[in-house]
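*Asks:* Input: one structure, supplied below.
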Amino acid sequence: MNKLYIGNVSEEASAEDLETIFEQWKIPHSSPFLVKTGYAFVDCPDEKIAMMAIDILSGKVELHGKLLEVEHSVPKRQRSCKLQIRNIPPHLQWEVLDGVLAQYGTVENCEQVNTDTDTAVVNVRYGAKDQARQAMEKLNGFLMENFALKVSYIPDETAAAAATPPLGGGKRVSVPRGPTRSGSPGLGARPKLQSDVPLRILVPTQFVGAIIGKEGATIRNVTKQTHSKIDIHRKENAGAAEKPITVHSTPEGCSNACRTIMEIMQKEALDTKFTEEIPLKILAHNNFVGRLIGKEGRNLKKIEVDTETKITISPLQDLTLYNLERTITVKGSIEACSRAEEEVMKKVRESYENDVAAMNLQSNLIPGLNLNALGLFPGGAPGMGPSMGHNAPPPGAQGGYSSFGSSSFGGEGPLWASVLSASSQPLSGQGQPESETVHLFIPALAVGAIIGKQGQHIKQLSRYAGASIKISADEVSVVDANQVAPPDGMDTKQRMVIIAGPPEAQFKAQGRIFGKLKEENFFGPKEEVKLEAHIKVPSFAAGRVIGKGGKTVNELQNLTSAEVVVPRDQTPDENDQVIVKITGHFYASQLAQRKIQEILSQVRRQQQPKPSPRGEGPTLARPSRK
């Protein structure tokens, strides 16, 4: 990849002009410049220098009044599924990058490129051409932590080989998936040795001795054979009929350990003439159970059919403040239960990873967002690795199992209860963030639950989030105040919650409200909590939110999965503002709100008088670091 394409070249430019620019920036080249109308080509001595030329010149250096565009020269037959993404924030977590890339299709391979730049560079291969094209269009210029991503095609030798079948026929070359990574791209890729989500199972107390073995010999042997760390919580729930076991390992190691434990229990049952069926009981945090079940129970039904098992899940009513895990009971042969465990935990781990990526993405969209202060992860921030699951319940917890999560990801769990003890910390970063006002619509019947006895809940929520929270007197005043029709399909018995505060306060307050509605069963157990939020924007900025021909608002909806509507024929209020409606689950709504605020910030910046240029050469915006 030594050959460069130089685009946006003025018709007045000559090879000598381009050579002067390369000499000025001390970029060597190994061939003369081939100048065409509007573009040019040149060879660099090696890929490292080609990368340096792209980073220094592309979009930063002018020639005859035009900003040059420099990228790898890729023949059309090789413009297939392979992209290079540059200018990635150096400390960005892999989970965040993976989450962003996965929005546009199946990522078959993602590997880091070693460069001398301060920012990270990765080469990505998508599963299909249209996926790569969409990622190219959406991500080029996409801002992450004030770094604008730069995306370009790179030669896809596989595509070229596939386009030219070998003599005598033959199979096309397949590209293996890249290894799973953890950590930060800027610090290099590291293999992920074990799952962040441990396997937790319940076993009958009478079989615990057999699982441990004489002087611990049996459990040591299981640990050694399956390369696992196994904790048997014998002291929990004294006198209980079942004891929890936690297995830390790779997904394969967890499954092997689970199968071995089931075999030990079956052998002990035969030896002791125990005739009752011994089902496999898996513990999973309530946050992930909704997605495990799937819409109308489809996911769970498929697992049952594929594995020839019968699966039941404990009811929501069994949950307590300190025990947020549901019991998934699997009945069938050891072989069938083992296959079911693999599929169940695969779904649980996918849900966890998606939530971590979403949380990290939120923390990038809200500068200084303190994930520990939000109380969404115990003992540390997302990506902390296999330590999850070891935090003991607070003093006085009544026989609960330690769990690896405590948030209402995607509106699936009792966020309100699980983060009561989380401490509120001020937003870090330079300067005080601007306050925002969001109108969130909730069912009128839920007002009592949000306010609480003598206003206790809403006061506590206000203190925790650092926001002003008020609830409108009735739904009629909401319509009058906003000067728009009630939201489409909205129950007329709606009340408006007015939340005022900076981005982090909005995130925390709205998150708890979504979680409280789920916890209090205002939405069904298989139903996702989706609420409508209104934010006001200056009337002159509404067009920017909509975009030409609705392009911006459509992109917002595609990116965030929220419904974003700017009602037509609105009459601006006394502050010359109009309303933008956002409808979706918690993360979709938050992402849409942040993106709209980002557009408004750009509008405000453009209205400010531009300072006179100082200094020479382009400079790259860098985030503040402490």
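Placement of Cβ uses the backbone N, Cα and C atoms for every residue, glycine included.
Quick paste from TrEMBL:
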{"type": "DOMAIN", "residues": "2-75", "note": "domain 'RRM'"}
{"type": "DOMAIN", "residues": "81-156", "note": "domain 'RRM'"}
{"type": "REGION", "residues": "161-192", "note": "region 'Disordered'"}
{"type": "REGION", "residues": "385-404", "note": "region 'Disordered'"}
{"type": "REGION", "residues": "601-626", "note": "region 'Disordered'"}
*Asks:* Kindly state the mean pLDDT of the domain 'RRM' (81-156) in the predicted structure.
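*Replies:* Here the mean pLDDT over the domain 'RRM' (81-156) amounts to 82.
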*Asks:* What does DSSP give as the helix, strand and coil breakdown of the domain 'RRM' (81-156)?
*Replies:* 20 helix, 29 strand, 27 coil
*Asks:* Please list the DSSP helix, strand and coil residue counts for the domain 'RRM' (2-75).
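*Replies:* DSSP composition of the domain 'RRM' (2-75): 21 helix, 20 strand, 33 coil.
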